[in-house]
Amino acid sequence: MGVSVASLGFPRIGLRRELKTALESYWSGRSELDALLSTASTLRRVNWTSQKEHGADIVPSNDFSLYDHVLDISAMLGAVPEAYGWKGGTVDPVTYFAMARGSQGCCAHGVTAGEMTKWFDTNYHYLVPDLTADQTFRLSTTKVVDEYREAKALGFQTRPVLLGPVTYLLLAKIRGDQEVSPLGLLERVLPVYQQVLEQLVAEGADWVQFDEPGLALDLDDAARAAFRTAYATLTAAVPSIKIMLTPYFGALDDNLDTALSLPVHGLHLDLVRAPEQLADVLGKVRPELLLSLGVVDGRNVWRADLSRLLNGLEPIFRARGNLVLAPSCSLLHVPIDLARETDLDPEIGQWLAFAVQKIAELRTLATALEQGRDAVRDVLEASDRAASLRRSSPRIHDLAVQTRLMAVTPEQSCRNAPFARRRDEQQAWLDLPLFPTTTIGSFPQTPEIRAARAANARGELPEADYTAFLREQTSKAVRWQEEVGLDALVHGEFERNDMVQYFGEQLSGFVFTKHAWVQSYGSRYVRPPIIFGDVSRPHPMTVEWWRYAQSLTERPMKGMLTGPVTILNWSFVRDDQPRAATCRQIALAIRDEVQDLEAAGAAMIQIDEAALREGLPLRRRDWKTYLDWAVESFRLTASGVADRTQIHTHMCYSEFNDIIVAIAAMDADVISIETARSKMELLDAFVQDAYPAEIGPGVYDIHSPRVPTVEEMVALLRAARERLEDRQIWVNPDCGLKTRKWPEVEPAIANMVEAARLLRAEAAA
Ligand SMILES: Nc1nc2c(c(=O)[nH]1)N[C@@H](CNc1ccc(C(=O)N[C@@H](CCC(=O)N[C@@H](CCC(=O)N[C@@H](CCC(=O)O)C(=O)O)C(=O)O)C(=O)O)cc1)CN2
Ligand SMILES: [Zn+2]
């Protein structure tokens, strides 16, 4: 009996991004596999030690991953698509990384990477399990048991964590057959999971954690039945290990009865996203089921209000006597240690908690429950103080922002004329050819550019020299775009570290960090800005760079902005007001920038909303509310311009069929989308009456270093012509080119421009 503190998963990347460095060094051939594995092993040891030191009783193993925890399960199951030429046996690192990143082969042959998509509603991306209807599975890695053993040798009795079989299959795709449900493969997957559990038992494991965030989704009866089958089978087959089932990211809701009926030993609840489900659970739960209460936010950086949490926890503890306290979900989504942020504004710093601080908070709660609040009085008082200072801080509230928001009229979210009339005015002004060519915004962020920015940040490269350097990069990029024959140019975004962070660093109401990296996918990390207060724009953010770039060319230079919904979804957002309210504030700030760009002479302004679809709530019944305010925020941003000013937007990683009405309601003049990997199938949503405006369906996948041929892009454009009217079609890549290298970009864009020329000839014939 008592309270234990559990960590459900810890960031893998290392305090100093050691994992990124080791991976990229290994991939580039600068170091051996052994060096990578040794770094990985050190990271695990440091993570276990640190979680213990900060007060966790239960620490996970197998939460570490060299690339992605979903890919780890595919490897464990031996689910390797044929194209990777895997011969069976153990899934080796070469095969594993080929699935993750593609393999170059020679002269642009090789295998493409698996499809990547966002993990639930986070900014983490996983590799979609790529299965066949006749897929077989065989235990093909020893990772789970190896890492358990490794921890044990260091003196840590861990609770291994695995992505559960049902969520794994819910996230999978059956190759070539969208109709077959991957859940049909459950019975073939379970024996492998069983084998892993048996091995863990043999090594001495007493508990295992099964992550099943799929339980927070809309499920049909077949999926609910799959949960019952899976856990009945596993608990019957391996009765000596206890299962902690950990759904998270939302309420169990209509899946609650299913979850409660599973023959597991423990159930975790995300009480940050769905505090209201607690009463229901307490009323229904069988007494012997161990509850793990996810009371500290694993998705955000705010310090918990410990006294308030205790008010809720004390009666539950008295009633049940036995509890686990945990973060709401894995700590993968938050930075590691606030202590590294020595330059942070101290007033704001005291409102924050990163991964290790969150574990310490849970420790305090556990001690207070077991020994009484007095035992941790100082810590509770500090928490009370921080909570009350945050509530009353004048830094958070800006009367001018609120007054302005209150005065917003519906007209401000409407362009003057409908699209058809705007198009005529824009065409008269811009005089673009049929099938105009453009790119999405960024050009390669070369090591040289990163180094210059880092040197500037360290104070070693004076501002003037840094600016001169960036101007030179920009000017080279503009000259090259003219030479290669693009129609609508971009400045290249060389001055930006990241499309969200760059704006966060210039807006009021935001703070940004130095070291607070969070994994986005593989070795790519982001430093999400922290929105702590009312948002406004103290000064123009992009106008000077636009003006400089436009001064170099007669062709239209696109103004390039990140939209309010994307800034919101890729930042740590304040939790003291609705997200919609914060989004509208950002919308007004970016609207100012749009208007300043127009005043400076920009004829085209692109407002990226890469994360608009990504931010869709997990439950369908919440979609409408979200889309209403998200679309409204975009419109508020974009509508303050004259009809002849062409508003572009860009979205990637999206399927549009189910939200096409909302996409159309954004009322952009041009949208560029990712379509290459789906072979233009995504365009099916954009049929004429559903979508009247112009569209740039991406004609090549920028995630791969492969240079696309003219022919394949022509073929894609022909497929686009079957679905759209000629006058609607733009020609562009799937997304920005910042992660590519110039030797890949130059021939690819040359081919793309050539493909557009051929298409114009076809259309004229
Ligand atoms: N926020 C966000 N989310 C997104 C995307 C996105 O672009 N932004 N795209 C989608 C895919 N996700 C992605 C996430 C990150 C990156 C990415 O390229 N990240 C970079 C870091 C970007 C960055 O902030 N760079 C900074 C810092 C660079 C850096 O590490 N500098 C070194 C020094 C470098 C040197 O001296 O050479 C250092 O500080 O130690 C800069 O350019 O200034 C990386 O991990 O490498 C790409 C895609 C979805 N989500
Ligand atoms: Zn994109």
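Including glycine, each Cβ sits where the backbone N, Cα and C put it.
No curator has checked TrEMBL annotations; they are predicted automatically.
The structure displayed is predicted, hence computed values, not measured ones.
From the candidate list E179, E614, E632, the residue TrEMBL records in the 5-methyltetrahydropteroyltri-L-glutamate site shared with R17, E18, L19, K20, K118, W570 is E614. Matching E674, E722, E746, E754 to the Zn(2+) binding residues that TrEMBL gives (H650, C652, C735) identifies E674. Binding of L-methionine is attributed by TrEMBL to I440, G441, S442, D608, and within the candidate set E493, E495, E554, E655 the record adds E493 to that site. Non-local neighbourhood of G441 (L-homocysteine binding site): V490, G492, E493, M499, K558, M560, Q606, D608, H650, G736, each in the same chain, at least six residues away, with C-beta under 8 Å from its C-beta. Listed in sequence order, the residues of the same chain lying 6 or more apart from S442 (L-homocysteine binding site) and placing their CB within less than 8 Å of its CB are V490, G492, E493, R496, M499, G736, L737, K738.
Within the same chain, residues at least six positions away from C652 (Zn(2+) binding site) with a Cβ under 8 Å of its Cβ are A610, I673, E674, G698, D734, C735.
Only W570 of the recorded positions listed as L19, S442, W570, H703 bring a Cβ under 6 Å of any atom of ligand 1; the order follows the sequence. If you take the Cα of R17 (5-methyltetrahydropteroyltri-L-glutamate binding site) and the Cα of H703 (active site, proton donor), they are about 22 angstrom apart, rounded to a whole number. Proximity of the binding-site residues R17, K118, S442, E493, C735 to ligand 2, judged by a Cβ distance under 6 angstroms to any of its atoms, singles out C735 in sequence order.
Of the residues the record lists as binding L-methionine, namely I440, G441, S442, E493, D608, the two whose Cα atoms sit farthest apart are 13 Å from each other.
W570 (5-methyltetrahydropteroyltri-L-glutamate binding site) falls within neither a helix nor a strand when secondary structure is assigned with DSSP, and so counts as coil. A distance of 13 Å separates the Cα atom of H703 (active site, proton donor) from that of I440 (L-homocysteine binding site).
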